[in-house]
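Asks: Okay, these came from Swiss-Prot:
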BINDING   T65, P66, F67, G68, E69, G70, K71, T72  ATP binding site
Amino acid sequence: MQSDIEISRQHTCLPITEIAKDLGLNPDEFSPCGVNKAKVSQSVARRLADKKNAKLVIVTAVTPTPFGEGKTVTTIGLTQAMNLNGIKTCACIRQPSMGPVFGTKGGAAGGGYAQVVPMEELNLHLTGDIHAVSSAHNLAAAAIDARLFHEHRLGAEVFAQESGLSALNIDSENILWRRVVDHNERSLRQIKVGYGKVNGPVHESGFDITAASELMAILALSQDLKDLRQRIGRLVLALNTQGEPITAEELGVAGAMTVIMADAIEPTLMQTLSGDPCFIHAGPFANIAHGNSSIIADTIAAKLADVVITEAGFGSDMGFEKFSNIKVRESGYAPSASVVVVTLKALKANSGIESDKDINQPDMERLQAGFANLEWHINNVSQYGVPVVVAINRFPTDTDEELEWLKQAVEQTKAFGSEISEAFGKGAEGATKLADMVYHATQTPSDFKLLYQSDTSLEAKLMTLAEVGYGASSVTLSDKAKSQLHWLTKHNYGQLPICVAKTPMSISHDPSIKGIPTEFELPITELRLNAGAGFVTALVGQVMTMPGLGIKPGYLNVDINDDGEIIGLA
């Protein structure tokens, strides 16, 4: 079979104007960016405000493995198959970060014959939204350091006289706002800035990947431009010498940051290999951020289609949990059905059984042992009151015997049902049965519920997430986290939801624990306020907000030929 980029390149895309017209957009509601993509205005949602929302389907997965489970393939394949079945369907996915593209994971356009095209345009830059987030974020970092420099140089009283501004009295040891870049760069995790007499007080800083920026979360959670502006104004950038928060509004930089991001608030419209519409907007990671595409994209798609299919990053303990307790809490747009993606390889890898057998070879012992992980994820999603369809993403090496055993095993669970998907190799035709089942699931009664209420304490929310969300026996807080919990409660941030940053490779905090971890303590090492996004991030165990490149990164395979064709992009 050809590579993803070869399949993408050999396909002739429809003009994006035709995709927009078929979707129901008026000419003044979108702005083409070349021939393959377009920015879409929120005015379409206002025009169709009285139209009933589409049924929303959320795609999640079992605990991820290095082999890839195929969530995006399933999301795109389902969209293609739904449309083939005569149901007007639109996909909504995140914009890929160049960190994974040039690192280990690769791009996020789907794959095979279930992908968004042109895949190189999606995976590299798109319409520049991530760069806008980076620029706005780093403007705030520059602004806080400049203010610190001038107040320190002149003293508070002289500064106020010369600038006409009130001194903020920034505590250089409590500057919370780091810098960002859209690459994996471990050497920038911890740095010191301000060296030299004319460069400001020396203080610690560091870089996160742009996908972990609070601005990326704000972009994904904002309802409109006004909401974006207000959320940016609420960003807490530092503490003053009295321990009180200093916001972007107080620093006077919130307006300029919003201006940089003004165009980024519009989702980008592209198409699948079948010519189906797909919105791409925002790109927060699911392990260190909330891991879902934007509310705005969902809102627009909901008025134009009969079914909207979106995906949440990593397993259901990660992206789906945050989709439910953060995104839906904000949007009020609850799912009518869910899809849990699984592969035979994923279950074998999650079995916890060491074996010399090739993971692609039949191994009923490991498959049966690993099934517990799938059942855990089915139960996890079911507790939110949403019908669960299991999508078995078939690989060429899978045997009929193992697939049939898995389908029968799913029948004994709380799942609505299961179907095999061959969207990767066959496109829409490979997922029509899955699409039928998912559509029927959307027509059954659902009773979506949150895992916890906003008015419960942060400590109670952490305990609920640990015990009910991950199966932990208890929660432990470091001394730093305890101090931060006290500060957050004192400053009235206790009503915010929790965004857990942890390893995605286990339901627990320890990536080496496979299957269903039990009787473990969830160690909270740090609590970070995201006042603009509207949640508190709880760092669990050893988690990094800036990834690093591996020993054989993806960029080694990427090049461009004399005709301008990109080579080796995965």
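Backbone N, Cα and C define each Cβ position, glycine as well.
Bear in mind that the values here come from a model prediction, so they are computed numbers and not experimental data.
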Asks: On the three-state reduction of DSSP, what should I expect for P66 (ATP binding site)?
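Replies: DSSP assigns P66 (ATP binding site) to coil.
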Asks: If you count other CB atoms within 10 A of each CB, which of T65, T72 wins among these binding-site residues?
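Replies: Result of the Cβ crowding comparison: T72.
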Asks: Could you say whether, by DSSP, T72 (ATP binding site) belongs to a helix, a strand or a coil region?
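Replies: Note: T72 (ATP binding site) is helical by DSSP.
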Asks: Cβ atoms within 10 Å, counted per site: which of P66, G68, G70 has the most, among these binding-site residues?
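Replies: The most densely surrounded of these binding-site residues is G70.
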Asks: Under 8 Å between C-beta atoms and at least six apart in sequence, can you list the same-chain neighbours of E69 (ATP binding site), or say none if there are none?
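Replies: For E69 (ATP binding site), the qualifying residues are A61, V62, V341, V342, T343, A346, N393.
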